[in-house]
Amino acid sequence: MTISEFVGCACIAYGPLLAMFVFTIMQDPIRIIILIAAAFFWLVSLLLSSVFWFILPLKNTLIFGVVMSVLFQEFFRYLIYRLLRKAEAGLKKVSVPDTNIEITNNKHVLAYVAGLGFGTMSGAFALVNVLADISGPATMGLKGSSSLFTIISAVLTSCFVLLHTFWGVIFFNAIDTHNHMQLAWVVGSHLLVSSVTLFNSRMLYFSSVIPAITVLVCSAYMAFMICGGSCRKCKVVCGRGGGGAQGDVTPSPSNSAT
């Protein structure tokens, strides 16, 4: 039973991440490097926020730690944005062997890969300890505890992986186009979703899952529109069925939404 629970929660949490990595990242070494760099930036943000949480007198207040962590993550998202924009000129000269696909054909690709790097490291830290505990010999739900803890943790982990990916696209576009509303959405929704996870300590799991999924859907729609998506294009893609060409899986270039 514990192994089944472990595998199920791992697939829920990391299944979308693995699929995105395999189909959009794995075949391009430049994207892999950018993803690792973004994951490292997230890791440094966690380290610095932990240091501030430790030295400041409010470390016993959980909400303070949540806010500090979110602000540091968004600051380092801006740093990776600046780094990638400065390196963009050099990246344009780099093509992938055997595919001849330039990494900067679409400016949203860098944002997507950087966001996925943030989500990868965030997901790893969010659930790895839980997975280690549920692998055996006991299982959740004993002694009056809720058996929903592990499944909710897996769902929230998957949400944060996807959210960081969408937030990356929205954040980069917001800086490029000076769209303060999109920038406020990224920071505000990140604070909201991170804060509602505090309800889990009181076993109010649906109070955290429902807002997280709602923000996920809204962020996915915003990122989709920013990348030039439309209902007409979705119908065209769906109409092709399984016979479509297996080309580059990144969004096609278009004007950014404002």
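We number each residue from 1, going along the chain as drawn.
Glycine is no exception: its Cβ is also placed from the backbone N, Cα and C atoms.
What TrEMBL records for this protein:
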- 6-25: transmembrane segment (TRANSMEM)
- 32-56: transmembrane segment (TRANSMEM)
- 62-84: transmembrane segment (TRANSMEM)
- 109-128: transmembrane segment (TRANSMEM)
- 148-171: transmembrane segment (TRANSMEM)
- 183-199: transmembrane segment (TRANSMEM)
- 205-226: transmembrane segment (TRANSMEM)
Which of 109-128, 148-171, 183-199 contacts the transmembrane segment (205-226) most, counting Cβ pairs under 8 Å: 148-171
Considering the transmembrane segment (183-199), which listed stretch of 6-25, 32-56, 62-84, 109-128, 148-171 counts the most C-beta pairs under 8 Å: 62-84
Per Cβ pairs under 8 Å, the stretch of 6-25, 109-128, 148-171 packing most closely against the transmembrane segment (32-56): 109-128
Intrachain neighbours beyond the transmembrane segment (62-84), with Cβ under 8 angstroms and 6 or more residues off its ends: 34, 37-38, 41-42, 44-46, 48-49, 52-53, 56, 110-111, 114, 118, 167-168, 171-172, 175, 186-187, 190-191, 194-195, 197-198, 201
Residue numbers, six or more beyond the limits of the transmembrane segment (6-25), whose CB comes under 8 Å of its CB atoms: 31-32, 35, 112-113, 116, 119-120, 123, 126-127, 130-131, 134-136, 150-151, 153-155, 157-158, 161-162, 165, 249-250
